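What follows is a set of notes on a single structure, which appears directly below.
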Amino acid sequence: MLQITPLPAFNDNYIWVFQSQQSSGVYVVDPGDGQVVTDYLTQTNLPLLGILITHHHHDHTGGIEQLLKLFGEDTPVYGPQVENIAGVNRPISTNGNITLENIGLNTTVIQVPGHTSGHICYLIEDALFCGDTLFSGGCGRLFEGTAEQMYQSLTQLSLLPDNTRVFCAHEYTLANLHFAKAVEANNPALIEYTVKAHALRAENKPTLPSSIALEKAINPFLRLDSLEIQKSLAVQFQQPIADPVQSFALLRQWKDNF
């Protein structure tokens, strides 16, 4: 099993660091702040073996240049080809399996357009590094993609095994659960998880990783077939709900203005 460590950055980002039992170094996911990563590697005396990038936003890519200067321009940096991210030297253009250089881990790349046009996720063993596509209790805003694209992307992720661990890039959980409660107030799993999440944050502990099973139980964006959510949408927007894509679009609109 991977050893995975969260490095808090900025106000609410997590830069995920992982290593396998066989490796003597680490990979980092979405290093928006290079200094945070450098400090961790100095403290642990671990070499940087590679970098995974999910999408082009600066809070996910801002540290690439510094890390390449420190650890070598030949350090593998994987990322979506279509987004032309500076420093990415292992561009990825399709879904499928790749083997991460220097660490030998088989990785499944999943294209998930919506938050950005080229956003990708990485599935390594049971760990899903999903950037800003899926959050605990929520999902990313639609900056470049369409509601239909994001709906399809989230549906794709929801079909992963229930025990898949979900490593999101932001600590947005409490705000997301506050919205989820407004949409599906009578969901017992949501009520229970909200108590747990508040307790974790009160101790300044991450609410992550989540799991696919948990998100299917509490995340309104993965629960569009819930009659309570459909009723909430119909009341909020004063219109009949015809299909899941419409439900998603309205739910995202509601969350954007919540």
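A Cβ is built for glycine as well, from the same backbone N, Cα and C atoms used for every other residue.
It should be emphasised that the depicted structure is a prediction, and the values quoted were computed from it without experimental measurement.
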From Asp33, Asp74, Asp132, grab the residue that Swiss-Prot records in the same Zn(2+) 1 site as His55, His57, His115.
Asp132
For His115 (Zn(2+) 1 binding site) and His170 (Zn(2+) 2 binding site), what Cα-Cα distance in Å is obtained after rounding to a whole number?
14
Can you tell me the CA-to-CA distance separating His170 (Zn(2+) 2 binding site) and Asp132 (Zn(2+) 1 binding site), as a whole number of Å?
7
Identify all same-chain residues not among His55, His57, His115, Asp132 whose C-beta atom falls within 8 angstroms of the centroid of the Zn(2+) 1 site's C-beta atoms; report them in sequence order.
Thr54, His56, His60, Thr116, His119, Gly131, Thr133, Gly140, Phe143, Ala169
For His57 (Zn(2+) 1 binding site), write down the residues of its own chain that are at least 6 apart in sequence and whose Cβ falls under 8 Å from its Cβ; none is a fine answer.
Thr116, Asp132
Name the residues of the same chain, 6+ apart in sequence, whose Cβ is under 8 Å from the Cβ of Asp59 (Zn(2+) 2 binding site)?
Ala9, Phe10, Asn13, Asp30, Gly32
Please list, in sequence order, every residue of the chain apart from Asp59, His60, Asp132, His170 whose Cβ lies within 8 Å of the Cβ centroid of the Zn(2+) 2 site.
Asn13, Asp30, Gly32, Thr54, His55, His57, Gly131, Ala169
